[in-house]
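What Swiss-Prot annotates here:
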{"type": "SIGNAL", "residues": "1-25", "note": "signal peptide"}
{"type": "DOMAIN", "residues": "29-82", "note": "domain 'WAP'"}
{"type": "DISULFID", "residues": "52-73", "note": "disulfide bond"}
{"type": "DISULFID", "residues": "56-68", "note": "disulfide bond"}
{"type": "DOMAIN", "residues": "112-163", "note": "domain 'Kazal-like'"}
{"type": "DISULFID", "residues": "120-150", "note": "disulfide bond"}
{"type": "DISULFID", "residues": "124-143", "note": "disulfide bond"}
{"type": "DISULFID", "residues": "132-161", "note": "disulfide bond"}
{"type": "DOMAIN", "residues": "190-283", "note": "domain 'Ig-like C2-type'"}
{"type": "DISULFID", "residues": "211-267", "note": "disulfide bond"}
{"type": "DOMAIN", "residues": "289-355", "note": "domain 'BPTI/Kunitz inhibitor 1'"}
{"type": "DISULFID", "residues": "303-355", "note": "disulfide bond"}
{"type": "DISULFID", "residues": "330-351", "note": "disulfide bond"}
{"type": "DOMAIN", "residues": "363-413", "note": "domain 'BPTI/Kunitz inhibitor 2'"}
{"type": "DISULFID", "residues": "372-396", "note": "disulfide bond"}
{"type": "DISULFID", "residues": "388-409", "note": "disulfide bond"}
{"type": "DOMAIN", "residues": "413-544", "note": "domain 'NTR'"}
{"type": "DISULFID", "residues": "421-493", "note": "disulfide bond"}
{"type": "DISULFID", "residues": "435-544", "note": "disulfide bond"}
{"type": "CARBOHYD", "residues": "497", "note": "N-linked glycosylation site"}
């Protein structure tokens, strides 16, 4: 029968086309399974989660669970692969993170559409445990440091915290001798340009909270919304979180506001010199206002938490403001309706007016620089670090957490007080200490790094003069700064106490394996003119040689 003969070539062509189309669906050699976010949906572009730093040219440059995708910088970055709900078949066996390793610091295994993937941690504990990291920044706690390391694709480790002592002095000098500081003169902790002010928007409206901060180096800004949960979500610049966007300049914009969006939004700004946290209260109001409060009825009862049992669940997606004794200010709580009434306030300002008596604690306010140009050195108290720190005040629109001297700041605010330490006793007087020491210098302390676990630390000294140097060649090398190792230090009451004097010091110590070392027997005193002159005279008269001959 001749009829079937033409059918065979057609069947062969159909099978060939089918096989070709099937092979096109297979991934290219070296490519990883899954899709890029914008391939799955045109609205899911790779955002700044990659920070445009993890560049790649193909999937082979990324981890097995990642794809090389176009990012907002016009380049390509490694990001977690996405899978459509009706896409590649998922193995019938349940996916598990068991045995799946996430080598990047701050990343955890998560199951994404049936596959284990590594995701950067985006929630951290609310309790502070300040951590100094190897990138020179201070983090709110260890979790924040790990999350930042994952975000930047780095490895960060904990280092001893630095104490910057070079500027400003504890008290300004006379006006005629004090130079006007500039914001870029020295490392400065973050400070706000303007004090945070409460905002209120109607349902469906847009709110903008701007954490406008100064500091040197420029501070990094993150946001979080305070909640009653153990962990808060960290919101970073150039990312979207539901109806919330954090811009590249640290501005939080909330679109289509809903009642549940009301609350305290906390800005955290940090740099190598310090850390700042400021609360921005946001109230969301219903357009159809409920019954107005009778102005003749005191609202103090509204400040207290509900003690009676309420029938039924809380009002869905509705929050009210009440006084929180732990914070000392107002915060949002789920609205509970008992007997048809809800206890609480619609706005943060109404709650503060009714429940907070007096001007409030000035020491709890963030440091505010202000927008003017009349720069002045000032001191502010940090309730997080529990210490006073310097900042530059512009001369206007600050707040009460603004002191002319460190002493006045410490007198007004709760700086931890420890019993006074006994004065460090010198094992030898000046002449004998000079002869027993390998070096004697005059210098100003610029930085101290404490290492309590090793009972030591490091002191960095700006050299004014080298009086004696038997082993390091400081004058020959023209050394301007000297790093001195502190050995056997009890940091509760350190001896010698290198931080006891603000001005120049006379420092004498040993040299061990080419390193300048101070221990409990080393000589450290204020560099008075009389003391320095005495050392020079002893060296000129070669008193140490005579002393050695006498001892021999």
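Glycine is treated like the rest: Cβ placed from N, Cα and C.
Positions of Swiss-Prot features highlighted on the structure.
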{"residue": "132", "record": "disulfide bond", "Cβ neighbours (10 Å)": "18"}
{"residue": "150", "record": "disulfide bond", "Cβ neighbours (10 Å)": "23"}
{"residue": "211", "record": "disulfide bond", "Cβ neighbours (10 Å)": "27"}
{"residue": "303", "record": "disulfide bond", "Cβ neighbours (10 Å)": "19"}
{"residue": "330", "record": "disulfide bond", "Cβ neighbours (10 Å)": "27"}
{"residue": "351", "record": "disulfide bond", "Cβ neighbours (10 Å)": "27"}
{"residue": "396", "record": "disulfide bond", "Cβ neighbours (10 Å)": "11"}
{"residue": "409", "record": "disulfide bond", "Cβ neighbours (10 Å)": "23"}
{"residue": "493", "record": "disulfide bond", "Cβ neighbours (10 Å)": "14"}
{"residue": "544", "record": "disulfide bond", "Cβ neighbours (10 Å)": "17"}
Q. Out of 68, 120, 124, 544, which of these disulfide-bonded residues is nearest residue 355 (disulfide bond) by C-alpha distance?
A. 124
Q) Does anything in the same chain, at least 6 positions from residue 68 (disulfide bond), have a Cβ under 8 Å from its Cβ, and if so what? A) 56, 57, 58, 59, 61, 62, 76, 77, 78
Q: Can you tell which of 56, 120, 372, 388, 435 has the least company, meaning the fewest other C-beta atoms within 10 angstroms of its C-beta, among these disulfide-bonded residues?
A: 372
Q.
Between residue 396 (disulfide bond) and residue 351 (disulfide bond), how many Å separate their Cα atoms?
A. 28
Q: Give me the Cα-Cα distance between residue 267 (disulfide bond) and residue 351 (disulfide bond), rounded to a whole Å.
A: 22
Q | DSSP-derived class (H/G/I helix, E/B strand, else coil) of residue 143 (disulfide bond) | A | helix
Q. When you measure from the Cβ of residue 124 (disulfide bond), which residues in the chain that are at least 6 apart have a Cβ under 8 Å away?
A. 140, 141, 143, 144, 147, 231, 232, 234
(Q) Between the Cα atoms of residue 150 (disulfide bond) and residue 132 (disulfide bond), what distance do you get, rounded to the nearest Å? (A) 17
Q. Cα distance, residue 388 (disulfide bond) to residue 372 (disulfide bond), nearest Å?
A. 23
(Q) Can you check which residue among the disulfide-bonded residues 143, 267, 355 has the largest number of Cβ atoms within 10 Å of its own? (A) 267
Q: Could you measure between residue 497 (N-linked glycosylation site) and residue 211 (disulfide bond) for me? Cα positions, answer in whole angstrom.
A: 39
Q) About how far apart, in whole Å, are the alpha carbons (Cα) of residue 388 (disulfide bond) and residue 132 (disulfide bond)? A) 18
